[in-house]
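Novice: According to TrEMBL, the record shows the following:
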- 4-108: domain 'HTH La-type RNA-binding' (DOMAIN)
- 117-202: domain 'RRM' (DOMAIN)
- 248-272: compositional bias 'Basic and acidic residues' (COMPBIAS)
- 277-400: domain 'XRRM' (DOMAIN)
- 376-385: compositional bias 'Basic residues' (COMPBIAS)
- 406-416: compositional bias 'Basic and acidic residues' (COMPBIAS)
Amino acid sequence: MAMPSLGEDTAKAVLRQVEFYFGDSNLPKDDFLKTKINESEDDMVSLALICSFSKMRGHLNLTEVKKAEDVPDCTLKVVAQTLRTSSSLKVSEDGKKVGRSTKLLEPAELIEQLDSRTIAASPLELNVQREALEAFFGQYAKVNSVRLPRHVVQRKYFCGTALIEFSAAEDAQTVLEQSLVFAGAELELKPNKDFDVIREKEVEKFERNRSITTSNGLNAEEKHPKGVLVAFKLKSASAGDSAEQNGPDEKKTAENETDKEKVDDKHESPIDKVVEKENKSSISIYKDDMNVVLREDLKDVFKKFGTVKYVDFRIREDKGYIRFEQPEAAQKAHAASVSAKGGLVVKNFIANVEPVTGVAESEYWSLLRGNQGKHRVGNHLHWRGGKNNGGGKRGRDGENGSPRGRPNEAKRAREA
C-alpha cells in the first residue's frame, strides 16, 4: 500500500501547529507538555501523542482517533517527514519522537524576548479567525503565532485584542509603525508590554468589584442570565447637538403627551424627566420622526446581532439597556459598536454600546427582582459604559486570561 502524503495546505498547517506547541510563546505555560519533556531522556515527546491533540487530529482528518496509540503508522511517517523541514524542531531517526532544536531560555530572558517581538492589535470582531490574522500580518513579516486572549469577565469569549508574535523584534517594531486596516476597521497597535499593563489593571478591577459584590450581600454566583445585557447611550449625530435626544416640536408635545407637566431640561437629569409611555399612539406619531427614538427603532438595529428579549428604554431618555437571548448577541453588538468607531446609527443618533458585567450586572438583575419581575429597571441605574461597567472597555490578556499563563491553562494553550 502506497504511503499517503500531506497536501501542501495540510503540511503547512501541521508544521505551524507543532512549531507552536514547542514554541517560546506556548511551551513555558504548557505544564502538560513540559512534564512530558522532563520525563524523557532526550527532551523529546512521542509524535503519536502530539498527533492525538485536538488541533492536530483536525488537520490530519483523524476523526476516529481518541488516543495516541490509535494514530496510524503511515500518518506518523508523513508527519515526521514534514516536521524535518523545520529549523526549530528536531525529529528522532525512527520518526517517532519530536522536540525543540534548541533549549528553552530562562523565564526572565524568555519573557523579555517575547515582549520585544509581540504586538497587540485591536479592535477585532469576536469571531475573527487566527488564520486570517496570520495571513494579514504575514504580509509584513514572518508570524510565529497568533493568540486570541479571553475577556477578563466573560472568559468564554475573545476580548477583541489579538497578540501577534513575529519572528524578530525588528519585525514587530516595523509593524507597530504601520497604519493598518483589517476588516474595515483601523487597527490600534501597541507593544505587548503596554497591553500587559492594561490587562493587569482590568484584572485587579474585576477582582475588586467581585469582592465588593460579595461584601454587599450580592451573591456572585447568583442565578441570572450572564453576559446577555448591554448598556447604550445616545448622542446626536449632528455636530453641536445635545447628547440627549431632541424631543418632538412644541405643538406635537402639547397635543400628544399624556402627562402635561413641563420639565426644565436645563435643570433636570434624564432620570428625573417626566417621560411619555411608548404605546401604540406614540409609535404611530413618532415612528417617522428622525429626532425621536422608540423602542421599536432600537430593536430593529439590535436584532441583527441576535434575538432581543427586551428593550429597557423610554422616549426622550438618552440611555437604556438591551437584553438579548444569548450572550453571543451581546458580544456581537458591542464589537459592532467598537468597529463602527463611535457607535451604531439609530435614526439621527449614535448609540455607544458597552457590555454590562460585574457589579453593574448584579445590580441590574437585583433591581429587576426588586421590582417584582417588571421589565423596566434601567431608570434606576446610572450609565455603566466604559470603565464603570465592571469589565473595562475590552478585556485584554494572553490566550486564556494571562500572558504569563495561569494554572489549568496547559490544555487550552495546546489547542491554540
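Note: Cβ is positioned from N, Cα and C throughout, glycine not excepted.
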Novice: For the domain 'HTH La-type RNA-binding' (4-108), provide the mean pLDDT of the predicted model.
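Specialist: On average, pLDDT over the domain 'HTH La-type RNA-binding' (4-108) sits at 89.
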Novice: Count the residues of the domain 'RRM' (117-202) that DSSP assigns to helix (H, G, I), to strand (E, B) and to coil, and report the three numbers in that order.
Specialist: 27 helix, 25 strand, 34 coil
Novice: Going by DSSP assignments with H, G and I as helix and E and B as strand, what are the residue counts for the domain 'HTH La-type RNA-binding' (4-108)?
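Specialist: Within the domain 'HTH La-type RNA-binding' (4-108) the tally stands at 54 helix, 10 strand, 41 coil.
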